[in-house]
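Written out below as structure tokens is the structure these notes cover.
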Amino acid sequence: MAAPMELFCWSGGWGLPSVDLDSLAVLTYTRFTGAPLKIHKTSNPWQSPSGTLPALRTSDGKVITVPDKIITHLRKEKYNADYDLSARQGADTLAFMSLLEEKLLPVLIHTFWIDAKNYVEVTRKWYAEAMPFPLNFFLPGRMQRQYMERLQLLCGEHKSENEEELEKELYQEARECLTLLSQRLGSQKFFFGDAPASLDAFVFSHLALLLQAKLPSGKLQAHLRGLHNLCAYCTHILNLYFPRDGDEVPLPRQTPAAPETEEEPYRRRTQILSVLAGLAAMVGYALLSGIVSIQRTSPARAPGTRALGLAEEDEED
């Protein structure tokens, strides 16, 4: 008997089954199709077989990490939400997927990862509290830099060199995109009628994050909340497909203090050694990945003196 497929994705929060755009899209598609997956929700990407989230481990042990490729594999396994779509609807799916990536995704990245107030009070706060130590000290900042690079690639076609003008242009296009989605949805349950398709999984993941997060700076969020059919659309999908999901990451259980036994010193020593081993592994990873670099000082300094330079920006709250 073949091993079951396994999906590794980011944990839930803000009333959503996952706080990550890609993880939420894949999770939603699997609920639409009823794909039999063993789902691992985690706030530690190192628990994924690829070291990234989301990731699908197939029944033959292959690991797939790109959301589009994960969905393509599920289609090959006969879990196809687009099976009944016409050729015209298939073309519309491609057009709206491009619209989401070009017009809405850049502003979502800006809203959650670039806007200083939102990043500090919402995004970094969630990841820093959810991630295990010591990942929570450097990984949110590393993710932010990756999203900055992704945003630069997405905005390559925009000619404005003024940052304020560029931001204004991006938000205007995102508002137009939301309005167009609202008009296309109309009074339907889903974008192509009464049954959900892959487009619904991606639209929902983009809208739900923006709708559910409590953002101190929510310019686009205010526009979305004014489009009542899109809000009802998100609520309908959450209630129908994720009725028991979306809780915040549970806090570690507090166990009552027990009297110290003869084995307690040995247990403590084992715990300390485990922590030290974990820290050593983290430092090794940081050195290999370039997060931390060791630079030799100039000859003018005393022999043997070294300078430890942090290659990444400070992650202090």
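Cβ atoms here come from the backbone N, Cα and C positions, even for glycine.
Residues annotated as ubiquitin cross-link in Swiss-Prot, with similarity to another entry given as evidence: LYS38, LYS41, LYS78, LYS168. Annotated transmembrane segment per Swiss-Prot: 272-292, in sequence order, evidence recorded as sequence analysis.
Projection of Swiss-Prot feature records onto the structure.
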{"residue": "LYS38", "record": "ubiquitin cross-link", "Cβ contacts under 8 Å, 6 or more apart": "PRO4, MET5, GLU6, LEU7"}
{"residue": "LYS41", "record": "ubiquitin cross-link", "Cβ contacts under 8 Å, 6 or more apart": "CYS9, TRP10, SER11, GLY12, PRO17, SER18"}
{"residue": "LYS78", "record": "ubiquitin cross-link", "Cβ contacts under 8 Å, 6 or more apart": "none"}
{"residue": "LYS168", "record": "ubiquitin cross-link", "Cβ contacts under 8 Å, 6 or more apart": "none"}
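DSSP assigns LYS38 (ubiquitin cross-link) to a strand in the three-state reduction.
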